[in-house]
Amino acid sequence: KEGYAMDHEGCKFSCFIRPSGFCDGYCKTHLKASSGYCAWPACYCYGVPSNIKVWDYATNKC
């Protein structure tokens, strides 16, 4: 699956002030995804395993 990475509060994980390539590494390391990029202003991940939670508009608390 794919989607936005979340922080510890369930909000989209911001990449606004992160260096280039940060989201790819973050998605691979923290979400076990195949890749990711900064879809300004948040990290978007591809190839996320089905058991890993990603941000969902329906359950958004931010």
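Each Cβ is built from the backbone N, Cα and C atoms, and glycine gets one as well.
In Swiss-Prot, the cysteine linked to Cys38 by a disulfide bond, out of Cys15, Cys27, Cys62, is Cys15. According to Swiss-Prot, the cysteine that forms a disulfide bond with Cys62, out of Cys11, Cys23, is Cys11. Taking H, G and I as helix, E and B as strand and the rest as coil, DSSP gives the domain 'LCN-type CS-alpha/beta' (1-62) the counts 12 helix, 15 strand, 35 coil. For Cys45 (disulfide bond), the same-chain residues that are 6 or more apart in sequence and have a Cβ closer than 8 Å to its Cβ are Glu2, Gly3, Tyr4, Ala5, Cys23, Cys27, Leu31, Ala33, Ser35, Gly36, Val54. For the domain 'LCN-type CS-alpha/beta' (1-62), the model's pLDDT averages out at 95.
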